[in-house]
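Noted in TrEMBL for the protein shown:
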type	residues	note
TRANSMEM	24-45	transmembrane segment
BINDING	Asn43	Na(+) binding site
TRANSMEM	57-76	transmembrane segment
TRANSMEM	96-116	transmembrane segment
TRANSMEM	121-137	transmembrane segment
TRANSMEM	236-256	transmembrane segment
TRANSMEM	282-307	transmembrane segment
TRANSMEM	319-345	transmembrane segment
TRANSMEM	376-399	transmembrane segment
TRANSMEM	420-437	transmembrane segment
TRANSMEM	457-476	transmembrane segment
TRANSMEM	497-517	transmembrane segment
TRANSMEM	537-564	transmembrane segment
Amino acid sequence: MWFEERSWSNIKASDLVEEWRDLWSFKIDFLVAAVAYVCATTNLLNLPKLILENGGLAFVSAYGVSLLVCVLPIIILELAVGQLTGRAPVLAFHTLAPITKGVGVAQTLLCVLVLATMTRYLAQLLLFFYYLFWSLIEGRPDVPWLRCRGFPEFVRHGEACRDAGQLANLTIDAHTKISTLNQESSMMHFVNTLDPSSQSIADFGDFNLHFLIGHGVVWVGVFVMICFGVRLLGKLIPFSIIAAFSALLALCIRALTIDGLPEVLQVFWKATDWRKLEDYTVWALAGEQAIMACGVGFGAFITMGSYSKRSNNLVADSVLIVFAHIVFSLMQVATVIGLVGYVSVKSGLPPSELMVKGEEQLYYLLAYFSHLPQTVLWSGILLFSSIFILYNIFALLSLSILSTLEDALGEKASKCFPRFLLAFFVCSLVMACSLYFTTQAGRHAYELAVGSLRYVTLWSILAAELLAVAWIYCGHRLGNDLHFMLSPSCCWCLGHFLLFFTYLLPIVPIGIAFVNVSGYDFSRYSPAIHAWPWSEWVGAALALIPVVPIPLYAILTFFIACCCANKHESKKARVAEVVRHRVRRFSSERSALGGRDTVGGLHAPPRYSSAAPGYLLLPQAPLAEPEPFNEGR
């Protein structure tokens, strides 16, 4: 069937030598998946406020430089590693050098932890979307998070309620604000009714049925997307990203055609301060936002690249991916700015009072629609777009975990039914890890997990990845590999040039981590987290657990090389082996031995075998001329 491995009888002549694992059915499938991965909701929620607070166009310039100098070379690096080795992160880094295998393990653990945490956010969006349709079916006026009247079941008994989009005179802050996050607002009444929380993070109370069902829906959807590998995923993601892009485009056009746009643009223009570029914290914020928005460091690009043909022009793809990210980010920022300008004109509040950072910005955006005609329509479009964007990212991160398991179990695991079971295992595992977030302490646990992971976790893993590839394997060598893979195209020259930046790039995540740790303040967390004395230690454990495999595997690898006896090799040779790459190992050894099949008494497999990196001898392939893998280098 179409989702099985490629039939021998249907393979084109150009595909005679490929990997035993699946490949993307078409080049466009890979491109759309990669574009969907970098089109996240992070910039929708954070970038407008960051621009306004950090120098306007100066911050935009810093963000653009971060994309071109930092993100683009890392995307090329990750795609090249995946495409060269033909493996998911764990075995990919083991192929580059056994000592770096822990980097792939760390990326896989980080994917599990991030997916388990963010499941709660996606489930919440699904609940909002469900109750939007529920309001339509019930014939209720508007939606329950924007109106108090007409939704008595979502208003807590005996408490005052005001519409989320109204102005509220907050005496504590000594000025007027939109009442969206005020405890008396309809938004907070709705959220607290769906998600009643305990007084302490340690008091998990009962399971929240709404969120439990929402989590189940999330992972049923992800399972459907990944259960048959990239063949099915490559068919589903184009539909979901087109739907999300179309919804966002409609919303962007609406936001740019209402009153208030010239006024808010003038505010952003006046906020421009080029002296901000002298502040290193602005560059740290720009780099952090660019890296988070593009999702580098999680291993997803390595996995996507591992399913591409070895001759795929990954350099041109990387440029196109970054360009798509820029276009999508411009649409997201324009949408927020347009809505903020309209509400600013209607309410008289400055734009700085109408924007926040993080997921609370989504609450504000939903509240702004109460000032527009057809409130339900535009609320549904925003939720629809956000849900599909997040589903794509969930599916690609889950694919990275699934591919890691397939690589560990071997060729049989990539068959239809074993892959089906592995996909079910991955989804069940992450669902089980996310169960605490469905309890009455789930809101507090989510706050602690998200707050803890932002400081050092991703940045430590990304720094280790760059050191492993650029310094241990060698960025110049990877550039030469690009020349081999992309020899028919001249794009490898640009790729090779950009890979030289990776020698210096480890300082970027290290610097971001330093800035984040310098600004660490545990008092920012809610009182429910402070109510449990062990909360800070749990947060530290969540942040450090994914990083532990990096030094652990390095130490174990050196220990085994030094202490385990091997009569065929000296201790010095065994130690050198842990940092020796294995991409061209067998072909170079055979060449040095004049074509003989043994190295140090061990059998050196031919290039066309399951042990050769990424290639398999097809049993019915007419091999008149073998392909020279890294021949003569």
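Every residue gets a Cβ built from N, Cα and C, even glycine.
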_the transmembrane segment (319-345) touching the transmembrane segment (420-437) per 3+ Cβ pairs under 8 Å rule_ = no
*Contact between the transmembrane segment (376-399) and the transmembrane segment (282-307) (3 or more Cβ pairs under 8 Å, separation 6+)*: yes
_Stretch among 96-116, 121-137, 236-256, 282-307, 497-517 sharing the most Cβ pairs under 8 Å with the transmembrane segment (24-45)_ = 282-307
*asked:* With a cut-off of 8 Å between Cβ atoms, can you find at least three pairs linking the transmembrane segment (497-517) to the transmembrane segment (236-256)? Only pairs 6 or more residues apart in sequence count.
replied: no
*How about the transmembrane segment (457-476) and the transmembrane segment (96-116): at least 3 CB pairs under 8 Å, pairs 6 or more apart in sequence, or not?*
yes
_If we skip the immediate neighbours and take only residues 6+ beyond the ends of the transmembrane segment (121-137), which ones have a Cβ under 8 Å from one of its Cβ atoms?_
143-145, 190, 194-195, 210-211, 214-215, 217-218, 359, 366, 376, 379-380, 383-384, 386-387, 390-391, 394, 446
*Does anything in the same chain, at least 6 positions from Asn43 (Na(+) binding site), have a Cβ under 8 Å from its Cβ, and if so what?*
Gln289, Ala293, Phe328, Ser329, Gln332, Val333
*asked:* Please determine whether the transmembrane segment (537-564) and the transmembrane segment (236-256) are in contact (criterion: at least three Cβ-Cβ distances under 8 Å, sequence separation 6 or more).
replied: no
*Could you tell me what the rest of the chain brings near the transmembrane segment (282-307), counting residues at least six beyond its ends with Cβ under 8 Å?*
21-24, 30, 33-34, 37-38, 40, 42-43, 46-47, 50, 54-55, 58-59, 62-63, 65-67, 70-71, 74-75, 78-83, 85-89, 92, 104, 107-108, 110-111, 114, 230, 276, 314, 322, 325, 329, 393, 396-397, 399-400, 403, 458-459, 461-462, 465, 508-509, 511-512, 515-516
